[in-house]
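**Student:** Dumping the structure here so I can ask a few things about it.
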Amino acid sequence: MEKSARRISAAPLLLLFLLCSLHSAFAGHDYGQALSKSILFFEAQRSGFLPHNQRVTWRSNSGLNDGKASGVDLVGGYYDAGDNVKFGLPMAFTVTMMSWSIIEYGKQMAASGELHNAMEAIKWGTDYFIKAHPEPNVLYGEVGDGNTDHYCWQRPEDMTTDRRAYRIDPSNPGSDLAGETAAAMAAASIVFRHSNPAYSRELLNHAYQLFDFADKYRGKYDSSITVAQKYYRSVSGYNDELLWAAAWLYQASNNQYYLNYLAANGDALGGTGWGMTEFGWDVKYAGVQTLVAKVCFLMQGRAGPHATVFQRYQQKAEYFMCGCVGKGSRNIQKTPGGLIFRQRWNNLQFVTSASFLATVYSDYLSSARKSLQCSAGNVSPSELFSFAKSQVDYILGDNLRATSYMVGYGNNYPQQVHHRASSIVSFKKDPRPISCRGGYATWFSKKSSDPNLLTGAIVGGPDAYDNFADHRDNYEQTEPATYNNAPLLGILARLGGGHGGYNQLLPEVVVPAPRQPTRAPAARPVTPAPVSTSAAPIALVQKVTASWKSGGKTYYRYSTIVTNKSPKALNSLKLYINKLYGPIWGLTKSGNSYGFPSWIKSLPAGKSLEFVYIHSASPADVSVSSYTLA
């Protein structure tokens, strides 16, 4: 990541009008191809020993001594952008957003054949985080130094820059870094829950410890790892990451402790107070508010006694969405061509992140059969989704310049990317070392196209007036970053999924087993947060009893048997049913929960009742909320 200023001259207005005529020629985009390329970019960003199935073949092993001087193995992980530093905060956010993409749109990724590659991209990051968290209250948050790294222009394979490792601990806290890494581990644990349960549990255990560390020893990470201040300063502080981590831990564990944490700390930590117009690696509030709105109101109805607090989270989530579509009390700035504009340096990071939130929220609204209530009028789910699609289409080439800001996609994309590895001849073609300053003289200053195609990279993008200069030294516009791509995975999977409307039913993700063997969980003590009360006296068993096809969809009839296993009569029962998208029979709905049907007053010991429902998705999530025995 580079930081300094450079003035970009505006393109002649006549040229813009001529290029604008090309806009109407676009007949649509190949979102499946764009998704494949976006995931491929992460293989170009890998540090460490590259696997035998590495598809970006112009890259080689690098950073093989990372952590050695500190007595810890920190080989692996990702370079954040066009440099060779491993910055922990944006890396963790990248993994969180890749995981969220799969959680929401894993079935669409599977249909496109890209789910395995996306999971491998996540695992490359989480394997590194496991290494970087060798003790409960220790986390390594950076390898390399941005100042010395940016002084040189070298391939990662032969870099000679400082590879010092920097960490946080109780004496040098970093709640934002530990909180974001906890969120990444928790979200990833959901992704691997079905295909690799042992690895999933290991990730969740790390998330428990990291959250406890972040919450107990509070402080900004860049006050402890001061070398990060020039590159990834935590401007928003750590309050948003504490809420963000709690939200993901609740999603991953269903542990009431984290739901209570969100309720008890929503006001004090800003979750209910901050109305945002941006979302990214530093500022997580809009993401927290979107997640809480999903869990507590729109989809899962788990607000319980905290409904008033969680409603304020939801109001702030909708503040953000209204601002995106231009119907809020404070709207997000856009370029004349309609692109979100937040800042001139790497602006597309905010575009992809905001577009992801708008995409998932539109689907939450559709599933809940609700619309967005904005100060300038109601917004339908389809209108919100259309906004997100317009941003993605702009990135892929539907803009005044007819330029694709994804490298390797379309016919007109950046050729001089600000990226050390892609701009220097491949180590495999010419292994002679590139000297620190020699790289600038020989490769950085070249005006020709990059020798290696950085397929799928989303560069910084155009300025506030839709202008773009494809020059290697114009890092504000031509440098890519992993956190630019991560949110885009979910949107592209959603767009490429094929549908007749905007009402995505959000079925449960069941991911296939990765092809590569995974390591066993580390054997070290873990102290998780308090566990919620068990519902052992009540057994729930679901099964499919019939299926049929209609209108090109397969529908399933699910039967759920509720058995009272206790020696006492069950006098009252409340069930939460999440991801239910069709009619249900045999229960009575009351608010956000379900209870006995009208013809049953109590369920004797050892007896069962059955209810059925029909939809075209995986089984609903049925859980016991409360009950009484007499």
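Cβ atoms here come from the backbone N, Cα and C positions, even for glycine.
Keep in mind that TrEMBL annotations are predicted by a computer and have not been checked by a curator.
Look at TrEMBL and you will find 1-27 tagged as signal peptide. Taken from TrEMBL, the feature active site applies to H418, D470, E479. The domain 'Carbohydrate binding' annotation in TrEMBL covers 538-618.
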**Student:** Reported as an integer number of Å, what is the Cα distance between D470 (active site) and E479 (active site)?
**Tutor:** 10
**Student:** For the domain 'Carbohydrate binding' (538-618), provide the mean pLDDT of the predicted model.
**Tutor:** 83
**Student:** Since the record lists D470, E479 as active-site residues, which of them has the fewest other Cβ atoms within 10 Å of its Cβ?
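**Tutor:** Least crowded of the active-site residues D470, E479, by Cβ count within 10 Å, is D470.
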**Student:** Any idea what the Cα distance is from H418 (active site) over to E479 (active site), rounded to a whole Å?
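**Tutor:** About 5 Å separate the Cα atoms of these two residues.
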**Student:** Including all protein chains shown, what's the count of other C-beta atoms within 10 A of the C-beta of H418 (active site)?
**Tutor:** 26
**Student:** With DSSP as the reference, give the number of residues of the domain 'Carbohydrate binding' (538-618) in helix, strand and coil.
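**Tutor:** Helix/strand/coil tally for the domain 'Carbohydrate binding' (538-618): 0 helix, 51 strand, 30 coil.
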